[in-house]
Amino acid sequence: MGFRLITQLKGMSVLLVLFPTLLLVMLTGAQRACPKNCRCDGKIVYCESHAFADIPENISGGSQGLSLRFNSIQKLKSNQFAGLNQLIWLYLDHNYISSVDEDAFQGIRRLKELILSSNKITYLHNKTFHPVPNLRNLDLSYNKLQTLQSEQFKGLRKLIILHLRSNSLKTVPIRVFQDCRNLDFLDLGYNRLRSLSRNAFAGLLKLKELHLEHNQFSKINFAHFPRLFNLRSIYLQWNRIRSVSQGLTWTWSSLHTLDLSGNDIQAIEPGTFKCLPNLQKLNLDSNKLTNVSQETVNAWISLISITLSGNMWECSRSICPLFYWLKNFKGNKESTMICAGPKHIQGEKVSDAVETYNICSDVQVVNTERSHLAPQTPQKPPFFPKPTIFKSDAIPATLEAVSPSPGFQIPGTDHEYEHVSFHKIIAGSVALFLSVAMILLVIYVSWKRYPASMKQLQQHSLMKRRRKKARESERQMNSPLQEYYVDYKPTNSETMDISVNGSGPCTYTISGSRECEMPHHVKPLPYYSYDQPVIGYCQAHQPLHINKAYEAVSIEQDDSPSLELGRDHSFIATIARSAAPAIYLERITN
């Protein structure tokens, strides 16, 4: 009985172990199921470019990323993604979505990134994005949205990036971004916005970059951007802006970049830039500006880059404040400013026209202090030219005046430049002294620590110089000496001297060196026929033998007809050899 009970318990234990294992395997297999025509990479599902008209089935509930880009989805139904509660990002761009149900995003509360760009969405319900309060990135660009609901983005307190580019928006509702307190980037470019309400951007305390380019604004008042303390860049290019004004009662110290290019700005109100003390980059090209006032350029105290080309500059006395400001400006600037008037200087560069026609010759420059100090920021450059004020001839003589000239400098800045130069000289001298001291210290330590090595180096250098000198002397000794040659032209008298006396003068010459005379002893008895030279000169290393023996005849044969006394004895023999120290003569007998 006990044995059977033990056996049954063992069987049950095996089943209890196997059943959960099989169940776990089945659940795992179900979770890893990948829809047809899709690609699954772990917890990421890619169902792209397969003309899906609806959301594919069998998508794992544990998926964290789903891409449905480049398909044919036309509508997002209610609870469309309810089973994907682990989803973190969802890409639905480049479809044909025109309708989005109010509850389409129910059940995916953890969603952080939603891309709906490049669709045909014309309307979004007020509560469309309420089920996804954790969104960080929302892209609605390149759709056909005409309006935004007043509570369109309510509850999106964690939203950082919002794209509304290339829609058909005409207005921005008041306080529509009130809850987007962490928004960092907002793009409203390429819409049909004509105006902005005073509180359109209320609540965007952390906004850093705002795009409003390619809209239909006709005027801009900085009062429309209330207390955007962290805004660094605002882009307003290619609108229809005719005037720029400011109604701020506070200093907008955070703004560094302002792009107003491609508008219809004809004039800038004096004092417009006083509220922007830290403005560093300003684009005013492709407008209709004719001049810039002295008060305006005085407010450009922190600029490091400016573009002014493509305007209708009037090259008269009104251009002088801007001309002198640009002349002293040390940052990046556009140099292609062209005169639009008067007619006789149209098409000429502003700088050339002013200097050629002495337009500003009677304008006096007075150095003034800044009316206010800009708050210090990390991005502010350490030094910029001080603004100047231009006066007419009516300025009292008590003021210090400087007439414009090519070498014009602002008074009061020389000391600053001298101070900087003096410090640079001191720093350079100290650096040079320390470098020399370090080199000498290294040499001294090496000499003290390794004296034998230093001596060896010196001896090695000395031996090397000696070897070099020895090689040079050897090269000089072994250089090829000049060739020897013998030019022997015996006359009849010399021949007779040799025949009778047994000796005669013989001269050989070392070209370019010296001459010597050596006697050649010949026995008087034999006679020689001069088919070959009588003597051989200048042997080098080996004796030079006359190849043919001399033909000697006895005195008894003196009357023989074979003796030809009329032979020509002016035969010339020249022998050339390499130089050799030993030279001797040898006669070969028959």
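The backbone N, Cα and C atoms fix where each Cβ goes, and this holds for glycine too.
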Feature N-linked glycosylation site, as given in Swiss-Prot - residue among Asn126, Asn501: Asn126
Within-chain partners of the repeat 'LRR 4' (132-155) [C-beta distance under 8 Å, separation at least 6 from its ends]: 93, 105, 108-126, 161-180, 187
Most Cβ pairs under 8 Å with the repeat 'LRR 7' (205-227), selected from 60-83, 84-107, 252-275, 276-299: 252-275
Rounded inter-Cα distance in Å - Asn58 (N-linked glycosylation site), Asn126 (N-linked glycosylation site): 31
Surrounding CB atoms that lie within 10 Å of the CB of Asn58 (N-linked glycosylation site), all protein chains: 11
Residues satisfying Cβ distance under 8 Å from Asn126 (N-linked glycosylation site), sequence separation of at least 6: Gln149, Ser150, Glu151, Gln152
